[in-house]
Amino acid sequence: MSDDAQQQKVRAATSNVLTKFNQRVIQEMKEAFTMIDQNRDGFIDANDLKEMFSSLGSTPDDKTLKEMLAEAPGPLNFTMFLSLFSDKLGGTDPEDSLRNAFAMFDKDGKGKIPEEYIKDLLENMGDNFTKDEMRQTFKEAPIEGGKLDYEKFVGIIKGSSSEEA
């Protein structure tokens, strides 16, 4: 691929990425980027990744680090970082699939599940949620009258909700 074609690919990958996230998410992503950018040069490179993983008690080999960085079509600055996460988050279940999964537990078909029932399921079935995971999950959850409004919750999860947290 020519340098010009590579640059066009990078511009296309990063165009309008800031419009895909609300301000709260952008701020959280900026904090994560800053934690990874160990040398504070505005770009994440193999040395930054190596230092970050090392601080977490892991030491991936150079090949693994290069593979991680190869997912970006260009230098990994903050805009590219957001673009990569946008692509990854876009790969989560479509809204209809999430909605249908919640609907399986909605006996009345009203778009709401009792909060205690859904919490019991998350704590006691499949991969059990920890107390911290429960707190994080329900921190943003739209609960009204002791019921989780899963229609709104799916919108929040997928970022299509117009509500700002």
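Cβ atoms here come from the backbone N, Cα and C positions, even for glycine.
Here is what TrEMBL records for this protein:
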DOMAIN    24-59  domain 'EF-hand'
DOMAIN    93-128  domain 'EF-hand'
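The helix, strand and coil residue counts that DSSP assigns across the domain 'EF-hand' (93-128) are 19 helix, 3 strand, 14 coil.
Secondary structure of the domain 'EF-hand' (24-59) per DSSP, as helix, strand and coil residue counts: 23 helix, 1 strand, 12 coil.
Across all of the domain 'EF-hand' (93-128), the predicted model scores a mean pLDDT of 83.
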